[in-house]
Amino acid sequence: MHMHWYYNFLVRRPYLMVLAVAVLCTACITVSLTMNSAPDFSDPTLGFETRGTALGKRSTAWNNLLQETGPSGTLVTDPNDLHYFKNINYYHTKNMRKHQHHNRTYRGKNRKKPKNSKHKNQVLHLSKKIKYLQNRFNITSPKSSESHLLPTQWNGDSGVFRDYEITNDSLLSSDPSNRSEQFEYGRNTTSIDEDYHREKVQTKKSTWSILKEAPFPPYWNTDSPHVGGFFCDSPSKDYSHFVVERTGPNDTDTLFDLNGLLAMCQLQNQIVAVPSYGEFCQREELTDSCCRPWSLPNYAALLANKSSCFDLNITDVDMLQNLLVLCFEYYHDLRLSNDCSEFSPCKAPTECTRGSIVYNILHFLTDYNFIKMNDTRVFLKYAMIFVPVAYTSKILPLFHEWDEVDLKNELVQVVSMDLGLENELFNESLLTDVWLVSLGGVFVMTCIWLYTTSIFITLMVCIAVIFSLGLAYFAYTLVFKMSFFPYMNLLALVVIIGIGADNAFLFVKIWQCVLAERFSKSIKSTASAHPTSVIDGGNEHTETLQSLMASTFHHSALSMFVSSLTTATAFFASYTSSITAIKCFGVFAGTVAITNYLLMMTWLPAVVCIMERVSACATCNSKLPIQKLLLMFNKSITKFCQLFETLITKAVMNYAMLWICVFGTIGLCSAFIVLYAPGLQLPDSSHFQLFSSSHPFEIYNSKMKNEFWFEKSISAYENFKLPLRFVWGIQPVDDGDYTNPFSHGSLYYDNNFNISTMAAQTWLLNFCKNLRLQPFYQITFGILLPNCFIENFISLMDRMCIDEMDNTDRTPCCDVSKFPFEPDVFDICLPQCMSSLYATPREYYTPGVAGPRFLADRRINVSHTAQPPQVKALVLEFESNVAYTTAYNEVKKFVQSVDRWLMEQLNEAPPEMKGGWFTSELKFFDTQSTLSHDTLVAISVAMSASLVVLLLVTLNVLVSLYAVITVLFTIFTTVSILILLGWKLNVLESITVSTAIGLAVDFSLHYGIHYRMSPTAERLAASKFTLSRIVGPTSMAAITTGMAGALMLASNVLPYIQIGLFLVIVMVVSWLYGTFFLMSLLKTAGPQYGFMQFSYPLLNKGSSTSGNKYYERKQSQVIASEQLLTPSSSAIGELINSETHELESLTSSSLIKTISGTESSHPLSADFEHSFNNKIDISSVNMSSIVEHKSPSIENPASELTDTK
């Protein structure tokens, strides 16, 4: 009633509405694109971390702590990094050991040169070293005195030793007799013999000269191959590599035979023969040609002293096999490495160590099952070929050339590859495979064109979809201020195509039904009064375009509003997820659903009005042949649709109990599969799959990666134990933007933390002792362990106060102070002891992340009264006995046991130590836990929102309950199918479930709402009315969206493949459940005659007082030809053959009421009647068939039910 002005504006000013919407959308899109940088998809896994969870907050706080620790941060672990601490230490020690300064000065003045005997022994030692080098490299020199072995002038490259006198080597002599070290609380002071140091420098210069003149050492015999001239380097992970397997009829044979090696030789030539290979390959220094690939055929040729692998024979293969079998036990027992030399000897025979041939073959080129211990038989299933091309994202053009070449021959083929291009190729494929999305959009628009017979409406719907995305991006970036745009948001493009088509089909269907009813009523009235002629100024009822638009809005806007609202709510429910990418997708997809609805209520009605005006102007013009052909094709589609609707209606009305039992059983079984066995499986790999399972990159990462020793040694999780990290002084807070993976907030200190109290010291020592008694603790051996600093601190404090070596007075940081220490003693001595620990040689003490963190306050002035640095944070780190694993239950048990034990300890802690918390390498575990929890939360929120919206709109408990049960069964069935197809609940799958909720509600809501909008309160008639109105639009929406998803299956990008498969499944399942299960429930036990029906009192009061003035025709100055609907309307094909219905408002209880309310008494104009009758003649329509046409109208609802039965 209050929207009368809006309908009037749409009818009278449709061009203005279209122009205003187009300008607004274009401006918003332009502003959003110019003010924001283009989305970056270079890292597809960005945003997959958890934010806001308990473990997520700890992880963020831990990362912030590490970031703030260092010389440039606000915290330091080594007090020596603080400039003012050095001054404090200097002034403190100066006052404590004045006598030491006097002794040092006295020794410096009376220092004598070394005795000649000692000096001579040092010279002889250096001379023998030079003689050894000359003999080692076959360099002859004239005999001379020992002094000639120490030249006084450097003749080599002066740049090498330009600053040699101040290098660390000269300061850190390994000979303790030449050093005089003095410890000043962690600072080492070394006294050096200048004469000996000068001579040592000259000796090293002479050594460098000898090395420059030395020839290459003869590691190989004259009959042995020269590895350095055959290969440029050794194979490594830094080079691109291909996995080869046997193929053809003998695919079960081993690769390690003559035919297999020759076939691999031919295959590697195919790899290096692509045009761009020379631009990316590593080249030899002498010939400037590409280096040889590292492969079994090339190593066999090297061992046989042959220049080409095509020259191999059976003897060469047997020789290589015997060598590998002989040396395998040394490789297996780790007695063979890739760097066997005199300085790093290997405990293996010489033939096994030459040139690292055996090591490279076993470690890089053959699978780990190639040779087994105590077995002389060999079987090679997979082999690796390394090419001298860098493992980098810059070789994408080279990959495309390899991808175009069929890398296979009759015996072998490349089954997978690892080139370091996953992210780069994925980023490119996201854009290149958009044509598949576009192809699906073209199919949807073609269906809309055939359904509406209007290319104009089709193009406008397509533009509306584009505008929906543009407006959503504007709101996403500028209104919601969300700067991170993950690639997952691109999946909303596929979703909006389906949603937009669904709304367009529904609006056009209601529009055609309204038009058909009004024309039918006009024809019947004219035929009954004047069967043979047209009478001007008759009493037949007509409808203006404004009233028809109001009727269409009355019955389509509500249904589209509810479906769009529930769909958007389902998407927005994903905002409850703790994963950034899922949050962003939920916001963007929900915004797209809302913007599409707004355009369907503004853009599409104005477009329909423009189309009717254009049709009015073209009434008398002859149609083009293509238009006639399209009209005939539309009539055929209309007849098929009517037949299809009739079959569906009869199937539902006659076999309702069968459908309830069948789909109910499927739904219950699906719920069991989803909730119990096998259930939603969590991912068991931290690797996020980007491409289809058949892609060579994914084959390598999922299967081949674990077949070779070099990959197993790199990714051997069994060697990595989960650390036990306990943190005090830092609050586990994450105040960053959860929708932005680059925003991690700030570091917040716990102001209650104080480690210097005696109670805190005692409790912390007991904490470390109790931890070592726990079942998850792993014993760690070492001299000075960094895990529990309080133990090392106590040990360092248990030293003599006066150092007998240099008479240093350490008071009070010595045995005069007893544990627990006084707070002031603790504050003074802890920085000194920690600096001493960090100055300890790394053979005895290796610093880690554990230890106290000192506040690096840059504002402190250096003075004699400055205070020692303050401990602001504390980290204790131990090693657990739980190996790193992706098994969710094992890690969950570990985390729960550690958290439980920590809480018990913190309950007994003093107040200043109660703020501790535990963290570890739990990022993947937290993602698993979040996915399992948040997915169920999203489903619950979406279901609750759908139920609330249905109750508020239909005001009927049974209809709402049936619809929600149908949607729930739809989701369970869809997810169970995906589970049976092998899907695991990863980030992409979680988004898919959210999308399933958003799309599954549409069809059920349309059926439920139109059941309530039925003009009859009787159950059977209302069910048939709903089916006759909604089966067509929902079927077209399901077909178009499902086919658009099917076209996505041709992509190589896994997100496109999964969203395409999901769309096919969810469209089929949701349409089947909505049409057969929900409508069978309503037909069998649906509410009738106002049962469990509620109403809004205020609306009923307003309705009783105002009547139907909303639809009454107002006085207008507009020309009749512009306001009346012409017979050349786009619905003219539906005019004769469509069913006529009377629509009813939601809250009305009347059984007999027309669609438009009060009928107008204005007669049709003479021009309108003439053109209409001409149209009837062109269509060759029998007037009597029109009058006798049957429809499930409210005037005789029971007559149709007998025919159906």
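Every residue, even glycine, has its Cβ placed from backbone N, Cα and C.
As annotated by TrEMBL, region 'Disordered' applies to 97-121. What TrEMBL lists as transmembrane segment is 379-399, 434-451, 456-476, 488-511, 557-575, 587-608, 656-677, 936-955, 962-985, 991-1009, 1030-1050, 1056-1082 (among others). Residues annotated as domain 'SSD' in TrEMBL: 454-610.
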The transmembrane segment (962-985) in contact with the transmembrane segment (1056-1082), cutoff 8 A, at least 3 CB pairs, sep 6+: yes
Other parts of the chain folded back onto the transmembrane segment (1030-1050), taken as Cβ under 8 Å at six or more residues beyond its ends: 436-437, 439-441, 443-444, 447-448, 451, 494, 497-498, 501-502, 505-506, 509, 641, 644-645, 648-649, 999, 1002-1003, 1006-1007, 1010, 1056-1057, 1059-1064, 1067-1068, 1070-1071, 1074-1075
Contact between the transmembrane segment (656-677) and the transmembrane segment (1056-1082) (at least 3 Cβ pairs under 8 Å, separation 6+): yes
Cβ contacts under 8 Å made by the transmembrane segment (434-451) with residues that lie 6+ beyond its boundaries: 457-459, 461-462, 465, 493-494, 497-498, 501, 504-505, 508, 633-634, 637, 1036, 1039-1041, 1043-1045, 1047-1048, 1050-1051, 1056
Across the domain 'SSD' (454-610), average pLDDT on the 0 to 100 scale: 81
